[in-house]
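Down below is the structure, laid out as structure tokens.
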């Protein structure tokens with residue numbers, strides 16, 4: 001992690017991490033990394049918590065939590081150094097808002113949206129729902145984008161191109177790399193968003209998620225499914241986009257975005 005103090009006044013640093021259960025991740029060094037990261041915004045997905053289950057001490061940060069109705073499932077949170085103008089949970093669509101998947105923070109010059117996109121599941125059992133989610137989420141972001149630029153982060157549960165996973169040829173009909181999911185991600189980008197990491201590093205091969213099976217992380221047989229997307233209107237403010245593959249504690253690793261202030 002690079003030094004933080006000298007650039008605090010000019011750069012805005014965002015971290016996103018699917019922690020795959022915050023209580024478990026806390027036992028594996030979450031707070032050490034949180035403190036070291038010293039981010040302006042720290043977003044997590046898959047907290048797997050209910051309201052009141054933990055009391056996390058994060059001095060200097062406002063905390064915002066969105067919980068799933070189902071216990072031990074999904075859930076998102078944002079830790080922000082800056083007080084937002086407004087905060088909203090979900091998309092305002094009941095069928096999507098039961099699983100704690102979206103948090104939106106409004107600031108004077110941008111929106112920050114933290115998202116945990118639904119997995120299409122084995123055999124693509126939830127693909128039909130996922131397609132509806134994708135259309136509704138894209139429309140939701142479009143509504144925000146008409147007001148001011150948007151930064152979107154989270155586990156979006158899709159590897160967009162073949163470079164974004166180790167074994168593309170064997171995964172074309174699997175959740176996370178189906179043609180349908182990839183097409184929806186393309187539509188999202190074409191609606192006015194830039195994949196910050198790929199815009200800076202078009203040929204770099206790094207992953208953000210590895211299965212717990214088959215020693216996938218040891219073999220680096222991974223997928224890049226965690227993203228920072230920014231409105232095209234502010235893509236020239238992207239200073240860096242990183243994937244912190246050395247950080248353990250989850251089957252995902254943190255990803256980072258740095259924007260010029």
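Note that Cβ sites are derived from N, Cα and C of the backbone, with glycine treated the same way.
Please treat TrEMBL annotations as automatic predictions, because they have not gone through curation.
In the three-state DSSP scheme, residue 116 (active site) is classed as strand. Annotation source TrEMBL lists active site at 116.
Under the three-state DSSP scheme, residue 155 (active site, proton donor/acceptor) falls in the strand class. The 10 Å shell around the Cβ of residue 155 (active site, proton donor/acceptor) contains 27 further Cβ atoms across the protein chains shown. According to TrEMBL, the feature active site, proton donor/acceptor maps to 155.
Residue 252 (active site, proton acceptor) falls within a strand segment according to DSSP. Taken from TrEMBL, the feature active site, proton acceptor applies to 252.
Less than 8 angstroms from the CB of residue 18 (Mg(2+) binding site) sit 44, 45, 46, 116, 154, 155, 209, 226, 250, 251, 252, each of them six or more residues away in the same chain. A strand conformation is recorded for residue 18 (Mg(2+) binding site) in the three-state DSSP classification. The annotation Mg(2+) binding site is assigned in TrEMBL to 18, 46, 155, 157, 251, 252.
Across the domain 'Endonuclease/exonuclease/phosphatase' (15-252), mean pLDDT in this model comes to 98. The domain 'Endonuclease/exonuclease/phosphatase' annotation in TrEMBL covers 15-252.
Every protein chain shown contributes to the tally, and the Cβ of residue 157 (Mg(2+) binding site) ends up with 23 other Cβ atoms within 10 Å. Positions annotated as site 'Transition state stabilizer' by TrEMBL: 157.
DSSP assigns residue 226 (site 'Important for catalytic activity') to a strand. The site 'Important for catalytic activity' annotation in TrEMBL covers 226.
As annotated by TrEMBL, site 'Interaction with DNA substrate' applies to 252.
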